[in-house]
Structures are given as C-alpha cells and as structure tokens.
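Taken verbatim from Swiss-Prot:
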DISULFID  Cys13-Cys118  disulfide bond
MOD_RES   Thr114  phosphothreonine
MOTIF     84-100  motif 'Involved in PIP2 interaction'
Amino acid sequence: MSWQAYVDDHLMCDIEGHEGHRLTAAAIVGHDGSVWAQSATFPQFKPEEMNGIMTDFNEPGHLAPTGLHLGETKYMVIQGEAGAVIRGKKGSGGITIKKTGQALVFGIYEEPVTPGQCNMVVERLGDYLLEQGL
C-alpha cells in the first residue's frame with residue numbers, strides 16, 4: 001500500500017459511526033521533515049516548525065510556552081503522551097501528532113469531529129505503523 005493510500009483510506013476517511021465526519025487535513029511526515037504523503041488540505045510547514053515538534057517529542061514540554069506552530073496556525077499544546085503523542089487545540093479544532101519509529105502521523109480536525117475522534121484515527125494508524133516496524 002502506498003503512503004498516500006494510508007492518508008486517504010485511514011486518516012481522511014469517514015470516522016466510524018459518523019458518516020461525513022472526517023479530519024480536515026492529515027499527513028505522514030518523516031522524522032527529517034520529508035513529506036511521505038499528505039491530504040490536499042495539509043498546511044505548508046516550515047522546517048523549523050517540524051524541528052520544534054521533533055524536539056518536543058525528545059524533550060516533552062518544549063512547545064508548551066510558545067505553542068505548536070504548523071503553517072499559519074498556532075495551537076495551544078495540551079496533555080499528550082510524553083515522547084509518543086502531541087495534542088494541540090485552537091478554537092473548536094485541533095491537532096494530534098503520533099510519533100512512530102520513522103515518521104510522524106498528523107491529523108487536524110474542526111467540529112463536528114471531536115478531539116477523541118481525531119486521537120483515535122491518528123493513534124490507530126500510528127500504532128499499526130509501529131507494529132510494522134515503521
């Protein structure tokens with residue numbers, strides 16, 4: 001399966017039991033910042049933004065004072081899982097980032113999708129990739 005198929009079929013799909021509810025944007029990005037696959041709506045990001053995200057995975061709390069920046073959007077960092085998941089909130093939407101051995105799985109959402117639904121979609125794919133050694 002191509003990386004784009006993972007984004008299209010496992011991240012940008014309808015959320016179980018909620019037809020028509022789906023993430024706003026999603027991507028799989030290598031630890032080096034190279035985009036493996038992304039939805040058409042995923043924001044163009046700066047290398048320093050990806051560096052900040054990777055630093056927060058290695059040093060949890062790094063982004064808390066400044067917020068998580070991705071493209072033109074600033075998210076307030078909320079409780080995640082140290083070294084494994086970063087979660088951010090902005091208004092009625094937010095972001096979940098799951099770290100795997102080689103990649104970061106991004107999901108961005110707006111209402112009516114809930115934070116928990118975004119977490120489920122992103123973390124399920126991230127856990128699968130971890131199980132595959134990726």
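Placement of Cβ uses the backbone N, Cα and C atoms for every residue, glycine included.
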- Just checking, which of Cys13, Cys118 (disulfide-bonded residues) has the fewest C-beta atoms within 10 Å of its C-beta? Cys13
- Note on the structure: In all the protein chains shown, the tally of other Cβ atoms within 10 Å of the Cβ of the residue listed as 'phosphothreonine' is 14
- Measure from the CA atom of the residue listed as 'phosphothreonine' to the CA atom of Cys13 (disulfide bond) and give the result in Å, rounded to a whole number. 15
